[in-house]
Amino acid sequence: MLQLWKVVRPARQLELHRLILLLIAFSLGSMGFLAYYVSTSPKAKEPLPLPLGDCSSSGAAGPGPARPPVPPRPPRPPETVRTEPVVLVFVESAYSQLGQEIVAILESSRFRYSTELAPGRGDMPTLTDNTHGRYVLVIYENLLKYVNLDAWSRELLDRYCVEYGVGIIGFFRAHEHSLLSAQLKGFPLFLHSNLGLRDYQVNPSAPLLHLTRPSRLEPGPLPGDDWTIFQSNHSTYEPVLLASLRPAEPLVPGPVLRRARLPTVVQDLGLHDGIQRVLFGHGLSFWLHKLIFVDAVAYLTGKRLCLDLDRYILVDIDDIFVGKEGTRMKVADVEALLTTQNKLRTLVPNFTFNLGFSGKFYHTGTEEEDAGDDMLLKHRKEFWWFPHMWSHMQPHLFHNRSVLADQMRLNKQFALEHGIPTDLGYAVAPHHSGVYPIHTQLYEAWKSVWGIQVTSTEEYPHLRPARYRRGFIHNGIMVLPRQTCGLFTHTIFYNEYPGGSRELDRSIRGGELFLTVLLNPISIFMTHLSNYGNDRLGLYTFESLVRFLQCWTRLRLQTLPPVPLAQKYFELFPQERSPLWQNPCDDKRHKDIWSKEKTCDRLPKFLIVGPQKTGTTAIHFFLSLHPAVTSSFPSPSTFEEIQFFNGPNYHKGIDWYMDFFPVPSNASTDFLFEKSATYFDSEVVPRRGAALLPRAKIITVLTNPADRAYSWYQHQRAHGDPVALNYTFYQVISASSQAPLALRSLQNRCLVPGYYSTHLQRWLTYYPSGQLLIVDGQELRTNPAASMESIQKFLGITPFLNYTRTLRFDDDKGFWCQGLEGGKTRCLGRSKGRRYPDMDTESRLFLTDFFRNHNLELSKLLSRLGQPVPSWLREELQHSSLG
């Protein structure tokens, strides 16, 4: 029996182990099935969020009897405008929050401004240039810094404001040590601080209202407990925004304040001291203050810095047919899309949803979602349509244009088979790939297959901050800035919105989305298919936004198709037609959507920028002798000069530019460079150069500007210029403003490049002085080895080449050449080193006098920079002092 038990017991233990293993396997399988079911099954819907309704209809009393409205401040006639359209902003520090908020609104509105730290004693910046005012408006982040200015500075600023008709905006921010009640120094105005307020309302009689629409009383608390209200019996003060004390707020002096609506923003009409002001009793964290601030800027500048009332909005719905199961639109969702579109058309003329499609994913959802696809196509003529790629591929991953074109043809064939309109002239690349940074093959394929005229991107010049986004035109295609609205592919449920549903509502009701429309005349919003299924957040967001805008602003909302919209954009901002290329490797997002077959290593490390006829070609030749230095490939039309940054070549894009450079064998030790002597005096090159090549070194060669002018004249004669052949040098340089155009053009090319200090200052606006080397042109001519030693040290080139042994003076040529074995030399071409007749005395005297002040300014500039003064400049200044 005992033996039997010994046999049976292990068997039972084995069965028990198997049973436990089976139970574990069953549990794991059940959990996996449950997870799959939960992840793939439609989520049980809560009630859909309802869009914001009509404006508040509270029957609460208004702000009380109001004085007769003050007529709006009329714009000054052009002949009386005596100030630049620039705002002077006094900030507490470079990092203060309110200061940054003020600047952000000015930048978003594209208003020019200058920031200064709020001055201490005697630190007031220069306000005038002769009889012209530098600023059209003054803003104080801290009103007390204005009120407590020393007497001299206060009188200077107030006199400027009175004489030039300049207004002041000031903010009073209470803190824990602020007096609860006090009179504002020098003004018939009392302040009561550190209050909690509620139930706000715009005074419809406020003269400054422009964008702001006076609405009915809006109930609810204002954010924070540090509000300041203003009190005065003087007729110069008009309330703009009013609110009530919270019930628990301690009694403020004067029992009438307990029951009154109290102004948190007041407008000083200038009846007290002749200066108009707008004063805020809080910062800009409250959304309505931002709106009133924009109106205050417009009013106080006589509408010179003013946003128009017209706003154009276009809502793109990307990824039609692309969404995964459970996120796509069903029949009811499409019906809701149509219903909302019709409702919005009553508020926004011509409003139409713009649908972007990738045909490959048609009918790849659930049965209900496939029916939603069919419903979209059934009502296809109710919408606008634009193409993505057929398989939603990223264009920058494909270097072959024909592959991109084939994908586009598949999508176009799908559109034709299903009756989708194909003539909108608009397209958007998946993930904005290839739009910016430019993928040339995408633009070419778009034009050849679809005839695209317009696209949009959120990436130019960068994604953040959004207020810097701009448009440009490339290869005949207009690129518009695209805006986000807080809705992405994963934001499909209201109660699961990142940060909570209040975040979305806050964006709509005075937050980021509201400000996007307020401060941009044209907004293209990116949304996705998934935002219109499930909780239909796309519909909720834009219906709520439109209604909120109409409650609180006078904006005239409308929609245009993409091509007219783009034409309108560049009509408003013609200066943006020309792009500003930047280094794709300096922005991670840009690098991620840039072809892996391209490399920033092909961009040059330094530029030789001129000016012409100073010896830049010689430096180009000498540097090319160095084993670690490689110049750009020659251009078929401009020879050793690419002339990319200052002419039509710039619009060909950086792919075209980089094709002039080899891929370096060692990016850290090899030095690529280009020489274009026309860069030096160009107004656009320094900015363009710094955008694409911010770390590049800049080399310029300066010779006596009189000698440079004479050399250019002789150069033009040698090339058969009829003007140079028909006029003497003196006639050219002394020509009057009434001289023939061709003569004045030659005169400018002789004289203007010699304004050395002016051009150098422009370069120093965009490049730090440590990246700029000024080569003495006279030393380069007489002792080039010394100049080349300085250049090598400046660039940090290794190995160090001894040019004393490399170069040899050629007596026949009259200049320095590469020394070869056997006493031979290799020199520049016949056109270099020409010998000209000496300049006549009359011309020399004229030019010495003409360039005297320019040379003096150059000397001062070099002294400030710590750069040595060239030998020719010392000689010129000595002769001038003797004269």
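A Cβ is built for glycine as well, from the same backbone N, Cα and C atoms used for every other residue.
Owing to the predicted nature of the structure, the values given are computational and were not obtained by experimental measurement.
As written in TrEMBL, here are the features:
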- 20-38: transmembrane segment (TRANSMEM)
- 49-79: region 'Disordered' (REGION)
- 65-78: compositional bias 'Pro residues' (COMPBIAS)
- 83-300: domain 'Heparan sulfate-N-deacetylase N-terminal' (DOMAIN)
- 310-514: domain 'Heparan sulphate-N-deacetylase deacetylase' (DOMAIN)
- 604-853: domain 'Sulfotransferase' (DOMAIN)
- K613: active site, for sulfotransferase activity (ACT_SITE)
- S711, W816, K832, G833, R834, R835, Y836: 3'-phosphoadenylyl sulfate binding site (BINDING)
- C817-C827: disulfide bond (DISULFID)
Three-class DSSP secondary structure - R835 (3'-phosphoadenylyl sulfate binding site) | coil
Where S711 (3'-phosphoadenylyl sulfate binding site) and C827 (disulfide bond) are concerned, what is their Cα separation in Å, rounded?
-> 20
Proximal residue to C827 (disulfide bond) among recorded positions K613, W816, R835, Y836 (C-alpha distance) = W816
C817 (disulfide bond), DSSP three-state class -> strand
PLDDT averaged over every residue in the domain 'Heparan sulphate-N-deacetylase deacetylase' (310-514) = 97
Specify the count of other C-beta atoms within 10 Å of the C-beta of C827 (disulfide bond).
-> 17
List of residues, in chain order, with Cβ under 8 A from that of Y836 (3'-phosphoadenylyl sulfate binding site) and at least 6 apart | Y710, S711, Q714
Taking the Cβ of W816 (3'-phosphoadenylyl sulfate binding site) as the reference point, list residues of the same chain whose Cβ is under 8 angstroms away and which are at least six residues distant in sequence.
-> A618, F622, P784, L807, R808, F809, D810
Name the residues of the same chain, 6+ apart in sequence, whose Cβ is under 8 Å from the Cβ of C817 (disulfide bond)?
-> L807, R808, F809, D810, T825, R826, C827, L828
Around the residue listed as 'active site, for sulfotransferase activity', how many other CB atoms lie within 10 A of its CB?
-> 23
Rank the binding-site residues S711, R835 by the number of other Cβ atoms within 10 Å of each Cβ and report the first-ranked residue.
-> S711
Take the C-alpha atoms of R835 (3'-phosphoadenylyl sulfate binding site) and the residue listed as 'active site, for sulfotransferase activity' and report the distance between them in angstrom, rounded.
-> 13
